[in-house]
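Chemist: Before we start, here is the structure in question, set down as structure tokens.
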Amino acid sequence: MKIDIKDLSKIEFWTVSIMYGFAIMMLISNGSNNNHYTPYNFEQAKISFSYLSNYFLPGLFKYSILYFSFLLLNFCCLPPLYQRKNTGINLSILFGVFLFSGLVLSIAQTYSHAYMLVQYDELDEAYNYIFFQGFTYTGWMIVLTAIYVAIKKLIIYLIENKEEESNKSMKLEIAFASAFWFLGILVWLAIGVDFRVILAWTLVVASCSFLTIYGIYYLIPNTLAQGKKFRNYIGKNMLLALIFCIPLGLIAVVITGEGEMFPIVNAFHLMAQLAISTPLAWYVYKTRNATEEQIFALKKELGKSDANLGFLKSQINPHFLFNALNTLYGTALQEKAERTGEGIQKLGDMMRFMLHENMQDKISLIRDIDYLNNYIELQKLRTSTTVDINIKTEIEEQLMDLKISPMLLIPFVENAFKHGISLQSPSHIKVTLQTKANMLYFDVNNSIHLKDDGDPEKINSGIGLENVKQRLSLLYPKKHELIIRESAKEFFVHLTLNLN
């Protein structure tokens, strides 16, 4: 499966752009509602606060530099570095992004965190701290973007090479979960949330990812194998979620040192398991299972179709060789070698056709018509001495290079000669073929003569019209129309075929 990189890039661009717009809206909303601590910090430091220069503009510069830096790194700089293309140039760009972004963020922080300048004995110490924070923030932004690009490349690789290993699907899901987690980290860092939010996000995403993958590959298959339903799976999954509450809560408490993190993390964990993980695992499993069953059914039907088609085609060659040899044998008894030589020449052309074109899926319509004409000429050799047999052909000369599956037309003509010719009674056969654009119109009209029970032509009925109907259904589904009419004295076949 090949992924369109351009489409993926468009999705990434618009996703990040929407997030950037959302961050700006939050910046404006929080500022208008005084829903932030910046004025309080300035008041405590006894420094005048300006909404524009100490809050909005620094925030705007921060989000803008993060947005444009991500676009530059994700689309222009990091992908070639992973592929080891233009390494020197891209490393220079990477270093330039680090310097420029770090400088802009640091300068913005000197305005948004100006209250910190009075907390240090020396102004240089305050600036050193602020600039260190700005460049550290920039460094983490570059590292996280690099990890995101690496995960994205891994996901693309796993999707495009999914058939190579049986466990690729699980690796792909782990990669998607990791990408989702990193995307959330980038959002939280850009907004500037508290560390505890990032910790809770990490623990909840990790537990959800584990239980989702565990459900897809173990819990759901086992539940269905036992003949139980979705409710049973929900119960088992929620029991596991409750067991997970203990280690998740303890990890949160140990890292933060705050006891209230235990119920907070577990509340989000249980809600996520019930609302996201449980239904998501069920949906993915059922969808994937249905897809695999559909693919298996299609492969099975394709195999049956190929087998049937091969069997039907294998019946054709011996049949016509047998008829042609019988015709030559009859001609040799009636005439001298001149007509026999003509028959042998026709037979040679037919054999060349069967050895070469007949094995192909599609051939030129011109070559198929040549074979048809050769067969009719061979049959005329057998019947030319009988005046009561009228064989007429109106086969249009082909100027376009249309393609057709071989040996589709000849069975109708063969059937006409088999049942429409009698050396004792008046007989007639008319074959008409014409094309308009990509449409082929083929008509065969013949008289009918009943065969005796001991006639070998009746016993060896050849491939028959049922064979042709099956081939048409396999090769030209919904692209053909076959009309067959039969009366006491005549047989008529009309075939319309779309060769596009």
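Just so it is clear, glycine is given a Cβ too, placed from its N, Cα and C backbone atoms.
Bear in mind that the values here come from a model prediction, so they are computed numbers and not experimental data.
Below are the features I grabbed from TrEMBL:
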- 308-384: domain 'Signal transduction histidine kinase internal region' (DOMAIN)
- 12-29: transmembrane segment (TRANSMEM)
- 60-82: transmembrane segment (TRANSMEM)
- 89-109: transmembrane segment (TRANSMEM)
- 129-151: transmembrane segment (TRANSMEM)
- 172-191: transmembrane segment (TRANSMEM)
- 197-217: transmembrane segment (TRANSMEM)
- 238-255: transmembrane segment (TRANSMEM)
Chemist: Roughly where does the domain 'Signal transduction histidine kinase internal region' (308-384) sit in mean pLDDT, to the nearest integer?
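Modeler: Mean pLDDT for the domain 'Signal transduction histidine kinase internal region' (308-384): 72.
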Chemist: Take the transmembrane segment (89-109) and find every residue of the same chain, 6 or more past its ends, with a Cβ under 8 Å from one of its Cβ atoms.
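Modeler: Sequence-remote neighbours of the transmembrane segment (89-109) are 57-59, 61-62, 65-66, 69, 72-73, 76-78, 80-81, 130-131, 133-135, 137-139, 141-142.
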Chemist: Taking the transmembrane segment (172-191) as reference, which of 12-29, 197-217, 238-255 has the most Cβ pairs under 8 angstroms?
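Modeler: Answer is 197-217, with the largest number of Cβ pairs below 8 Å.
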Chemist: Under 8 Å between C-beta atoms and at least six residues away from its ends: which parts of the chain pack against the transmembrane segment (12-29)?
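Modeler: Same-chain contacts beyond the ends: 35, 56, 59-60, 63-64, 67, 70-71, 74-75, 187, 190-191.
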Chemist: Would you mind listing the long-range same-chain contacts of the transmembrane segment (238-255), meaning Cβ under 8 Å and 6+ residues beyond its ends?
Modeler: 199-200, 203-204, 207, 211, 214, 219, 261-266, 269-270, 273-274, 277-278
